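As recorded in TrEMBL, the features of this protein are as follows:
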BINDING   G86, Q87, T88, G89, A90, G91, K92, T93  ATP binding site
DOMAIN    3-156  domain 'Kinesin motor'
Amino acid sequence: MSNITVCARFRPLSSKEKRDHGANICIQSVDSESFIIKDKKDEGFTFSFDKVFYEKSKQADVYEFLVLPIVQDSVNAIYGTIIAYGQTGAGKTYSMEGLNILESDEEKKGILPRVVDVLFACIRSSDESTKYSIKLSMVEIYMEKVRYVCVGDSDW
Ligand SMILES: Nc1ncnc2c1ncn2[C@@H]1O[C@H](COP(=O)(O)OP(=O)(O)OP(=O)(O)O)[C@@H](O)[C@H]1O
């Protein structure tokens with residue numbers, strides 16, 4: 001795997017989308033790395049990623065494939081970044097936070113609470129002589145402007 005991993009995730013259609021446009025979608029799964037998008041003329045375009053998470057994918061699937069290796073590296077002082085990219089309503093917040101960041105629904109909790117749980121578990125189980133320093137920054141880039149969503153330390 002390269003230093004950068006790029007995945008695509010599809011969310012289920014909302015009830016409004018189904019009501020307004022029907023349940024048919026223009027995506028056809030090829031395998032766990034590729035899918036075909038069909039345009040209005042029924043012409044297919046194939047897109048490939050390191051991994052495709054289809055609508056039935058679980059938060060844990062995304063975490064284990066994409067995020068866990070970054071968390072494991074970070075415990076060994078290797079920097080990592082996770083970026084969620086997509087149009088409004090695509091599912092960025094759901095993937096990053098879950099249904100509700102303050103709610104501890106084990107199945108639905110997103111990347112952020114999972115990272116925090118595992119990071120502190122790794123530190124707790126490590127050799128007591130090792131000292132860790134953790135810094136977290138979370139930004140939103142919207143209309144090319146960077147907004148700090150989470151500021152915990154004046155260094156950032
Ligand atoms: N994988 C998923 N499974 C179930 N529901 C999902 C999934 N992804 C997103 N949703 C739901 O779809 C809706 C839109 O998702 P979300 O708010 O995460 O989008 P967003 O990309 O963060 O949008 P915005 O950029 O406007 O903030 C929410 O109601 C969310 O709960």
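Quick reminder: no glycine exception, Cβ is built from N, Cα and C everywhere.
Curation does not apply to TrEMBL; its annotations are automatic.
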Item to check | Other CB atoms within 10 A, centred on Q87 (ATP binding site) | outcome: 7
Checklist entry - Among Q87, A90, K92, T93, which binding-site residues lie by ligand 1, judged by Cβ under 6 Å to any atom? => result A90, K92, T93
Item to check | Among T88, T93, which are binding-site residues, the residue with the most C-beta atoms within 10 angstroms of its C-beta | outcome: T93
Checklist entry - If you draw a 10 Å sphere around the Cβ of G89 (ATP binding site), how many other Cβ atoms fall inside it, taking every protein chain shown into account? => result 11
Checklist outcome for this item: Under a three-state DSSP reduction, the secondary structure at T88 (ATP binding site) is coil
Checklist entry - Within 8 Å of the Cβ centroid of the ATP site residues G86, Q87, T88, G89, A90, G91, K92, T93, which other residues of the same chain have their Cβ? => result A84
Checklist entry - Which ones in the same chain are close to A90 (ATP binding site), with CB under 8 Å and 6+ residues apart in sequence? => result R11
Next on the checklist: Applying a 10 Å Cβ distance cut-off over all chains shown, what neighbour count does G86 (ATP binding site) have?
Outcome noted: 12
